[in-house]
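S.K.: Please see the structure below; I have some questions.
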Amino acid sequence: MTLADRVPLALAALAYLALVSGVRFHLSEQNDVLPGGSQARRPFFQGARIVGGSVASEGQFPHQVALLRGNALTCGGSLIESRWVLTAAHCVYNGALVVPASSIVVVAGSVSLSNGVRRAVARVIPHERYGNFKNDVALLQLQLSLPSSAYIRPIALRTTSVPAGSEVVISGWGRMYQGGPVSNMLRYNRATVVADQQCRMATGISTGLICFTSPVNNGACNGDSGGPAILNNQLVGVANFIINYCGSASPDGYARVSDFVTWIQTTMRRY
């Protein structure tokens, strides 16, 4: 594939992105800081959901939350304690600046964005080494705890690596295919863990990342950023980016949760 064949992106990013197998795009609906600090409007539609898959039932993913800004879906996230949400770092940036906590509302407890329990955010904490698609995780501390129920429940963090070939479940809201209609309902799909070497070759990132593949026209898409990948009721990944386009044959990049457990626990203890 030549650069001319790829979706156009900021010129400042091309030198870095040419090192990998395809052009990477964050999965949020906001404009992101690209490698080198340049900004560009991604050539993708605003709004997205898991490509393919099925509509979730109430209580099926009690850890899943949505992040709203201006009453519009921005990203997903996972409840890991009653007052803490784990999401992607690029979900909490506007250009090079971290967005105010007051601009984010977290919705939990329903597969419908029109329902559920809403909580204001007290504190936004992106990983201090986030950049160039690396360390793409952030914590949100809620102003008030979320009540525990059959529909709202924190998920455990995976503390060990996930074997290649394992099947995970990914979930999120938005469009079911590139350019398709937006849904108000949470969707989920299955994906397969890629071997670490294959992940590195596809992304150019050697640490802190886990890659998943799905059949063509399945997988994560813009708007699913920050959302979970789970295995055996444990959170194993945080949605970060896609390569080339939604539902492509290329692997999707997720932050590897086991690599960030120490950072997560240390950060939460500080507040």
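Just so it is clear, glycine is given a Cβ too, placed from its N, Cα and C backbone atoms.
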S.K.: Among C199, C246, which cysteine does Swiss-Prot link to C211 through a disulfide?
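M.R.: Going by Swiss-Prot, C211 is disulfide-bonded to C199.
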S.K.: List the recorded positions among H90, C91, C199 whose C-alpha is within 10 Å of the C-alpha of D136 (active site, charge relay system), in sequence order, or say none.
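M.R.: If one measures from the Cα of D136 (active site, charge relay system), the recorded positions that come within 10 Å are H90, C91.
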S.K.: How far is it from C75 (disulfide bond) to S225 (active site, charge relay system), counting Cα to Cα, in Å?
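M.R.: Roughly 5 Å, rounded to the nearest whole number.
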S.K.: By a simple count, how many Cβ atoms lie within 10 Å of the Cβ of H90 (active site, charge relay system), its own Cβ left out?
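M.R.: Looking across every protein chain shown, the total is 25.
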S.K.: Considering Cα atoms only, can you say which of H90, C91, C221 is the nearest neighbour of C211 (disulfide bond) among these recorded positions?
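M.R.: So, of the listed recorded positions, the one sitting closest to C211 (disulfide bond) is C221.
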